[in-house]
């Protein structure tokens, strides 16, 4: 059964909810501006110094007085609106569902399994810090609405660029690979803040009379043949099935597996320990499912939806619960939603949200939790439906509280299992099971030892992880140091890309590992590379997909296209899924 667009059971309830929110919004906005006028980002302070503007104290003084008076004047109206708004949350479904009918059926189906029994799926995740403007400024990020629109435009410009598929010309096929966007022509983009030198791919634009969206090319896939000049790697010994799959992901060699051809490696794609990876100034082409975190602001979520819907026809936003409805208690009133945002090229068949019940401190003000979705990919050779499971979450943030995050990981594991057990049909083929999001712990900090050893990593494979507490040597951290967000080395996609590729520069801009309480940090070990905090994850599981399917990593991508717009580095993952030919015909 198709998901309903509105989170409310009927138009009357939705109308009452809108009336209540209209009464609340002016008071909320004046409070937001009251705080924002007193809090400047480092970029704004730098610009004032360059322009020799010394009127900021007067602006803060008079602005604070004006916004405080307006806040008090609209507070009674907000209280009246709250009496409408709060009780209606009990009957609200925990997300909006936007569906846009595609211009062609191919936009939301995957032809790979129907034709040849193999397909490639792209995923990406990013924490955007789209809080109300006043709160975002405490993370050194401002102008939430402008950032939301700019982020949406950049994502679309990266995702919908031509996807060059390179076929390796060899007697025994080496498969297909997707190179870096660095081989594509670039043009100058619109600017935001200090990010005025971004290079963007060539895409077709036109001004739509109604929406002004970026147009999607009718054909955005090109085929290039290159010779495979690497020799076949000898198969490695099969690891014991009792060993942790993540600890041995780099040991699981396959017979006939080849390295990426040198033609691709020269374009920026590198391969190390059987994982092709790159630092890219663009989002990967043809991302199928996009998960965003910290999209707390409703207007920002709507701007993102408007920008992304030409490429992603199925979007879930404003995900979470409000007020004190079950399972929330009155002692943990939810002022903000979960911040999760899911955009999918494939139709969403089922979706379920759960709210964490153990949040504490400032995190308890937001309805952080887990969103699980089942998406329809298409049909296979036997006309059976091909589906995938996608899960996204945002865990507890404060450092030193690993017990809470471990409890939340327990909840995540249980909820995913329950969702798949309730929605899996016997005649379906499951081709991927992905979990991603901002986990708020990394795999190198001594302070995060509890989370690093959680049993979740025995079920889901992390392509960046060599074992508990140890990253693979090519891994790059994903959490930027907030005070330096607008430095010349990181304020454009190209400069941030160059910085991340140099270890000495990374140390200045990526957050370092966190020591255990009471113990000095000794990091890294001798002869080991320095790796910053990687708290944004994309994991995948093979045990829950159809037994006929085999999964291989095509590429892991660290993305710099949102430089200057967020304090996180987005991460991308592309999986190749192949169905055994003898099983597909059964």
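Keep in mind that glycine also has a Cβ here, set from the backbone N, Cα and C atoms.
The following features are taken from TrEMBL:
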{"type": "TRANSMEM", "residues": "20-39", "note": "transmembrane segment"}
{"type": "TRANSMEM", "residues": "60-85", "note": "transmembrane segment"}
{"type": "REGION", "residues": "226-258", "note": "region 'Disordered'"}
{"type": "COMPBIAS", "residues": "239-252", "note": "compositional bias 'Low complexity'"}
{"type": "DOMAIN", "residues": "265-544", "note": "domain 'Endonuclease/exonuclease/phosphatase'"}
Could you tell me what the rest of the chain brings near the transmembrane segment (20-39), counting residues at least six beyond its ends with Cβ under 8 Å? 59-60, 63-64, 67-68, 70-71, 74-75, 77-78, 80-86, 88, 132-135, 137-138, 142
The answer for the transmembrane segment (60-85), taking Cβ pairs under 8 Å and residues 6+ beyond its ends, is 16-17, 19-24, 26-28, 30-31, 33-34, 37-38, 323
Please average pLDDT over the domain 'Endonuclease/exonuclease/phosphatase' (265-544) for the predicted structure. 91
